[in-house]
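What follows is one structure encoded as structure tokens, with my remarks underneath.
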Amino acid sequence: MELLCHEVDPVRRAVRDRNLLRDDRVLQNLLTIEERYLPQCSYFKCVQKDIQPYMRRMVATWMLEVCEEQKCEEEVFPLAMNYLDRFLAGVPTPKSHLQLLGAVCMFLASKLKETSPLTAEKLCIYTDNSIKPQELLEWELVVLGKLKWNLAAVTPHDFIEHILRKLPQQREKLSLIRKHAQTFIALCATDFKFAMYPPSMIATGSVGAAICGLQQDEEVSSLTCDALTELLAKITNTDVDCLKACQEQIEAVLLNSLQQYRQDQRDGSKSEDELDQASTPTDVRDIDL
């Protein structure tokens, strides 16, 4: 007799409020306040002496993997990276505390966006218990103080629905465009070059890159890529040339990510072949632990 219950309760979500999406004042208010929540400087040059850009990329990749494995809301990861960048822009931080800071930022973002937020204990497990729950809770107060409790930051996800509503797209294609745009937004959050970009530009560039990419495989828009870029720039009051440059950078980040993934796959296959040929290492000192 099987007593284990395999039923999974579906996530209950509120319907999108059409009154908010149809009111242009909401979009204008987002555009007005978005820059309040950007990092104040490129902190690698003037604030951080111990942390390098590649370290941020590593902790960002780890944070993204945690959010994906825990099936967090799409907004959690970009919001956590916003907290991390704003903190690092004002507080010199030793590299030994970077993962702790990343865990705290996920902890705060999930509290704001999740119905069942990540727990301190679970986040500590993801650090291989290199930090303790009490340490995470103490740093939570430190980060909150440095951010002045301004946690409701505007992120690219806040613009997605407003942008999609104004595009002449087939309704059945919107979910696919939305999914691709969300992927681009997550990729942008892992790359520091986008940290100083307004969220509206990242959102607009991500939607444009998603539609133009899908356009190569199937008809998802009646507009050409150039006409689409001009329309997107008009929606968010963005300079067309700046938007084109942003979209090209997003596409370059995607290409680099795909190439890295393929390289990792090849390296993995090569390692498996080598293990098959020699089941024991020829020199124990060559093993990097």
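Quick reminder: no glycine exception, Cβ is built from N, Cα and C everywhere.
The shown structure was predicted, so the numbers you read here are calculated from the model rather than taken from an experiment.
For 26-151, the entry in Swiss-Prot reads domain 'Cyclin N-terminal'.
If you look up Swiss-Prot, you'll see S271 marked as phosphoserine, on the strength of a large-scale study or a structure entry.
What Swiss-Prot records for T280 is phosphothreonine.
The region 'Disordered' annotation in Swiss-Prot covers 264-289.
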| said: Restricting to the domain 'Cyclin N-terminal' (26-151), what is the model's mean pLDDT? | reply: 92
| By DSSP, how many residues in the domain 'Cyclin N-terminal' (26-151) are helix, how many strand, and how many coil? | 86 helix, 0 strand, 40 coil
